[in-house]
Structure formats: structure tokens, C-alpha cells
Amino acid sequence: MDERLLSGESAYEDADLEYSLRPQTLRQYIGQDKAKHNLEVFIEAAKMREETLDHVLLYGPPGLGKTTLANIIANEMGVNVRTTSGPAIERPGDLAAVLTALQPGDVLFIDEIHRLHRSIEEVLYPAMEDFCLDIVIGKGPSARSVRLDLPPFTLVGATTRAGALSAPLRDRFGVLSRLEYYTVDQLSAIVERTAEVFEVEIDSLAALEIARRARGTPRIANRLLRRVRDFAQVRGNGTVTMEITQMALELLQVDKLGLDHIDHKLLLGIIEKFRGGPVGLETVSATIGEESHTIEDVYEPYLLQIGFLQRTPRGRIVTPLAYEHFGMEIPKV
């Protein structure tokens, strides 16, 4: 997959920045009002009862703040957070090592939880339900099962593919929160806050322009601001103005709706080769040279969100809105 400026996936250079920008409390957290308000109630109720918070599943497109919310949950509960990911847990023993190291009340955050192997999920079930761990000792006829008690803990799982979770695992989460794309106003506030951290002056109109092209995603908004800041320092006087912002984003090939060359390639491929569709996912994959799951999980969600693409039983269809965006005539049926 191409390295994309507009990818919601975390890149190496994002890690330190996101840590420094990360809000510590729900009050500081911008956006996701529905999920935030529900979590406020659930956390306060758990603290009043002096219990651990129910297990939480956070799902939605990448870059919307799932990792940030997991850390905030731990902060609000006044406990530590232990972070791992589905791909990092290769064997049941790996999960057992993580679980037995937890302290009472701790938050265990598993990113990409949909990538856990089914055999590891089965170890997780009793840990989530009964706070215990069943371990098989020995092999063959002499093998025996030993049950270890675990301290009460909260599992926070994050996924971009909630549908890929097995039903037994999904059903063990007491709190399910879908994170939605951010509004332009919310992203503009995030851009201005990030500019303060960077100690960079930014015009409010420039912040809005970056927000409009950030695909509803804070991670992308912050990444665009970093690149525009570079242009402001080299081609301007250091202030991020509307003029500098528009010039920078044009040179970076980010159009007014936040579409880049890969989005154009996908949409125009369907329009020019298949008369706008319907066309199957595998055919689209072969046409643009990207894996089907990458198209489905990374490229399509935003195009669906803005109404440029439709998924139908017969395949993908490019909508009239996309034709208008490209200044193309809609083909007659």
C-alpha cells in the first residue's frame, strides 16, 4: 500500500506527536460527544460502586481517537493502562503473561483486537467473564487444567472491523462505542490546539481549510498541519495563512474535499473502465493494484461517508456526486 498523507492509520512520525497532544481527561477530549457522555456516566457509576468498569469495545475508522480514549479511561478510573495489540499476541502463553502481570483495576488495551487468533480468544473468555485463567499443565494423559485467579480488570478493545470479531468475543463487552468522523468545526478546534502546542501562529480560516480537507479524522488534520507548517516556514514568514495553506495542500495533491491521488484513481477507474459500476471489489482491487481488504477498510469508508461511492449487492457504484466533483457528465442508462 502506498504511504498516504491522508491515511488514518498511524505512521511512525505520528507516535511522538500524538502522545504530546493526547488529552488526559474526557473534559479535554474534543468530539465524539455521544461516546464521551456515555463513558462519563459508566465511569462515574463504576467509581461510585468501587468496581472496575465493564469491558469496553471501541470501533470505527482509524485515526479517530480509540487509543486516546483507552488512556483517558484509565486516567479517569485512576489506574494504570497496559497496551498491546492483536498481532503481538501470537500464542495463549503471550496473553497469559500479560493478564497475570495486571494489577487490580488496571486497564488492558488491545488494539486491532479483531486480529486475535481464535485459540487466544478462548483463553480470553473466562478472563473477561470470571477474572480467571485456565492453564493446561503437562502433555498427553498426564495433562491437567489449573485455574488461576486474576485481579479484576477492564479490557478495552479497539478495532476498525467490528464485523470481523467473533460473536462470543463481541458479546462479552459490556460497553460498545462507535467512533464517528469529526465535524469540520471540531477538527478546526483540534488544529488550533495543535498549533498552540507547536507554537505556530495560524489564521482561523487556515485552520478551517485544513479541517475541511482532513477527511473527518484528527490524525490526518494534525499531519496536514505539520506539512503546511513546513511551507509556512520555508515559503512564508512562519504564520499559517489561508494563502499558504491552499498552496501547500494543492502541491500535496489534497483536493478541496480531502481526496488524494489514490481516491481519484479508485473513483476514476470505476467511472472510465466500468461506466461507474456496479463492479465487484476484487475487480476494483485488480484495476487499481491494491488489496481488497485495504480498499474496504482504508479507502472506501470516507468515500461512502461523503456519498461518492455506494456498496450494493451487485458491487461498487460511483454516485452522481463524484461525477460532479470531477466535472464529468453522468452516463445515460
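Every residue, even glycine, has its Cβ placed from backbone N, Cα and C.
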Per Swiss-Prot, member of ARG118, ARG172, ARG227, ARG229 binding ATP alongside LEU21, ARG22, GLY63, LYS66, THR67, THR68, GLU129, ASP130, PHE131, TYR182, ARG219: ARG172
Alpha-carbon distance [ARG311 (DNA binding site); THR67 (ATP binding site)] in Å: 29
Cα-to-Cα gap, ARG316 (DNA binding site) vs GLY63 (ATP binding site), nearest whole Å: 25
Where ARG316 (DNA binding site) sits in the secondary structure, as DSSP reduces it to three classes: strand
Binding-site residues listed as GLY63, ARG311, least Cβ neighbours within 10 Å: ARG311
Rounded Cα-Cα span from GLU129 (ATP binding site) to ARG311 (DNA binding site), Å: 37
